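Per TrEMBL, these features apply:
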{"type": "DOMAIN", "residues": "B:2-322", "note": "domain 'FAD/NAD(P)-binding'"}
{"type": "DISULFID", "residues": "B:CYS31-B:CYS36", "note": "disulfide bond"}
{"type": "BINDING", "residues": "B:LYS40, B:GLY104, B:ASP306", "note": "FAD binding site"}
{"type": "BINDING", "residues": "B:GLY169, B:ALA170, B:SER171, B:TYR172, B:VAL173, B:ALA174, B:LEU175, B:GLU176, B:GLY264", "note": "NAD(+) binding site"}
{"type": "DOMAIN", "residues": "B:342-449", "note": "domain 'Pyridine nucleotide-disulphide oxidoreductase dimerisation'"}
{"type": "ACT_SITE", "residues": "B:HIS444", "note": "active site, proton acceptor"}
Amino acid sequence: MGWEEKQVRGFPEFVQTAQRYHGRPIFALFCGDKDAEGRSWCPDCVTAEPVVRKELHNMPEESVFIYCLVGDRAYWKDPNNEFRKNLKLTGVPTLLKYGTPQKLVEEECFKADLVRMLFTED
Amino acid sequence: QEAAKYEKKVMVLDFVTPTPLGNSWGLGGTCVNVGCIPKKLMHQAALLGQALQDSRKFGWEFAEEVKHNWMTMTESVQNYIGSLNWGYRVALREKKVTYENAYGEFVGPHTVKATNKRGVEKLYTAERFLIATGERPRYLGIPGDKEYCISSDDLFSLPYCPGKTLVVGASYVALECAGFLAGLGLDVTVMVRSILLRGFDQDMANKIGEYMEEHGINFIREFVPIKVEQIEEGTPGRLKVTAKSTKGNQIIEGEYNTVLLAIGRDACTRNIGLDKVGVMINEKTGKIPVNDEEQTNVPYIYAVGDILQDKLELTPVAIQAGRLLVRRLYGDATSKCDYVNVPTTVFTPLEYGACGYSEEAAVEKFGEENIEVYHSYFWPLEWTVPSRDNNKCYAKIICNIQDNERVIGFHVLGPNAGEVTQGFAAAIKCGMTKEQLSSTIGIHPVCAEV
């Protein structure tokens with residue numbers, strides 16, 4: 001397999017985890033929080049998650065996949081939330097390669113071949 | 001992308017042969033990676049430096065000395081370029097265009113061989129081919145040039161500040177780079193073989209040179225380098241440049257941290273197998289002659305961009321030519337690319353925008369007695385308070401007396417020249433006459449009202 005997944009919630013936990021794996025390829029998927037039944041308030045995230053998970057095996061060896069819940073809907077809508085301010089996220093779901101300008105936003109995450117391209121690009 | 005809209009099966013082969021110093025880049029061509037985009041951003045960095053100085057006269061107070069960090073700027077610029085490279089990859093994918101990062105060359109009729117960076121070869125056939133390989137910087141062919149000198153291909157991602165720099169050349173690339181490097185606070189010298197900005201209006205070219213000289217850029221005129229040697233290794237190191245006069249036997253020497261060559265660009269047409277499919281090229285310049293529908297002498301092979309003979313080397317021209325070509329081939333369009341009255345801007349410290357004929361070209365084509373030149377110096381309002389030069393900004397229009405005083409040339413030297421020129425280019429395309437121009441009321445207070 002050669003890769004591992006870390007699940008985090010909120011900005012500080014995300015940053016801590018990303019820093020811990022500095023030096024390895026890090027991919028992150030940002031989604032809205034899930035309720036008690038495991039359903040996200042963000043319908044696009046619900047669509048994107050299985051598409052992304054199916055492509056994870058294409059990540060390079062030693063990769064770290066961080067699955068990050070950003071917060072509830074109200075937190076996300078705040079234009080000054082930490083993800084918007086510090087990571088420049090503009091929407092959820094966002095799938096990105098940490099430390100590079102490579103990312104896929106919203107409907108782009110539904111497309112398996114784009115996800116695969118992000119995971120396998122040099 | 002345009003062809004894919006018409007449901008054609010399309011493939012793009014893009015490969016960057018590394019520079020002598022090992023530099024390479026992503027998808028997008030020269031403009032995005034080592035041309036217009038990083039150039040304009042660095043030009044902006046230099047302008048901001050000037051603005052910071054002006055700001056004190058407008059009441060901004062800051063005690064600390066203002067310094068520039070090359071690495072911070074370069075990282076931001078490269079990051080932006082990276083997002084563009086990625087954006088193109090996504091766009092091609094979404095439009096179902098197959099992309100291969102491989103070096104393409106013709107091996108036979110309708111067939112190309114693509115070699116990737118690992119040396120793996122694949123063959124592809126197609127109904128039609130479009131060549132848009134562009135150009136790369138020319139080297140001097142003197143001892144030490146490839147080992148120690150850099151070109152614009154290396155400058156925009158240089159991982160260390162270039163320091164005291166010698167720019168060889170007087171092209172717009174040379175002057176723009178010299179301009180922003182000096183604007184960032186570096187000691188810059190420009191070595192010119194003969195004239196500045198060959199092909200551009202010489203009256204304007206000289207004003208640009210004068211302005212740069214008065215603002216701290218040294219010019220060494222009528223000399224060419226004959227040898228570059230390394231005195232000390234480093235990032236940057238120290239180089240010794242020996243140069244000879246073009247007018248006699250005088251030899252001079254100078255020491256610099258970096259030598260930037262900007263003496264011209266050569267078309268990338270020599271090693272792509274054009275001979276195997278019979279595409280004619282101009283042996284001397286490497287450029288490809290095409291008809292007014294961008295078709296080479298081989299009917300199924302087309303070409304656009306800087307490699308075309310006798311056409312303007314500008315990104316928007318190449319893009320427009322490419323789009324229209326595809327629409328003619330696969331859509332029902334008939335319009336051809338209009339290569340006349342294409343506006344351009346040179347982003348030297350004092351920007352220069354132009355559209356149409358230079359004064360010399362107008363005189364040559366229509367005769368001196370048939371053209372009228374209207375000109376004016378102007379002092380941008382924003383320059384008054386910080387006491388910047390009051391006699392440098394300049395605008396002129398060239399009119400054809402025999403054709404209702406139609407405006408056939410527009411030239412402006414001043415801030416935001418590019419923005420100003422764009423509108424006038426549209427007016428010239430519509431055939432604006434001097435009277436129409438004069439009767440257009442100006443916006444006040446802006447430079448363009450002149």
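For all residues, glycine too, the Cβ spot is worked out from N, Cα and C.
When each of the binding-site residues B:VAL173, B:LEU175 is scored by how many other Cβ atoms sit within 10 Å of its Cβ, B:VAL173 comes out lowest. Take the Cα of B:LYS40 (FAD binding site) and measure to each of the recorded positions B:GLY169, B:VAL173, B:HIS444: the nearest one is B:VAL173. The highest number of surrounding Cβ atoms within 10 Å, among the recorded positions B:LYS40, B:HIS444, is found at B:LYS40.
Ranking the recorded positions B:CYS31, B:CYS36, B:GLY104, B:ASP306 by Cα distance from B:GLY264 (NAD(+) binding site) puts B:ASP306 first. For the domain 'Pyridine nucleotide-disulphide oxidoreductase dimerisation' (B:342-449), the DSSP-based tally of helix, strand and coil residues reads 39 helix, 33 strand, 36 coil. Of the candidate recorded positions, B:CYS36, B:GLY104, B:ASP306, B:HIS444, the one lying closest to B:LEU175 (NAD(+) binding site) when CA atoms are compared is B:CYS36. Within the set of binding-site residues B:GLY169, B:VAL173, B:ASP306, the entry lying nearest in space to B:HIS444 (active site, proton acceptor) is B:VAL173 (CA atoms).
Among B:LYS40, B:GLY104, B:ASP306, the residues given in the record as binding FAD, the maximal Cα to Cα distance rounds to 30 Å. Using a cut-off of under 8 A between C-beta atoms, none of the binding-site residues B:LYS40, B:GLY104, B:GLY169, B:SER171, B:ASP306 neighbours chain A.
Scoring each of the disulfide-bonded residues (B:CYS31, B:CYS36) by how many neighbouring Cβ atoms lie within 10 Å, the top position goes to B:CYS31. Ranking the binding-site residues B:SER171, B:GLY264 by C-beta neighbours within 10 Å puts B:SER171 at the top. Most other Cβ atoms within 10 A: among the binding-site residues B:GLY104, B:GLY169, that distinction falls to B:GLY169. Taking the centre of the Cβ atoms of B:GLY169, B:ALA170, B:SER171, B:TYR172, B:VAL173, B:ALA174, B:LEU175, B:GLU176, B:GLY264 as the NAD(+) site, the nearby residues of that chain (Cβ within 8 Å, site residues left out) are B:VAL167, B:CYS177, B:LEU197, B:ALA262, B:ILE263. Sequence-distant contacts of B:ASP306 (FAD binding site), defined as residues of its own chain at least six apart whose C-beta falls under 8 angstroms from its C-beta, comprise B:THR30, B:GLY134, B:GLU135, B:ARG265, B:ALA267, B:GLU313, B:ALA318. For the NAD(+) site, whose annotated binding residues are B:GLY169, B:ALA170, B:SER171, B:TYR172, B:VAL173, B:ALA174, B:LEU175, B:GLU176, B:GLY264, the maximal Cα to Cα separation is 14 Å.
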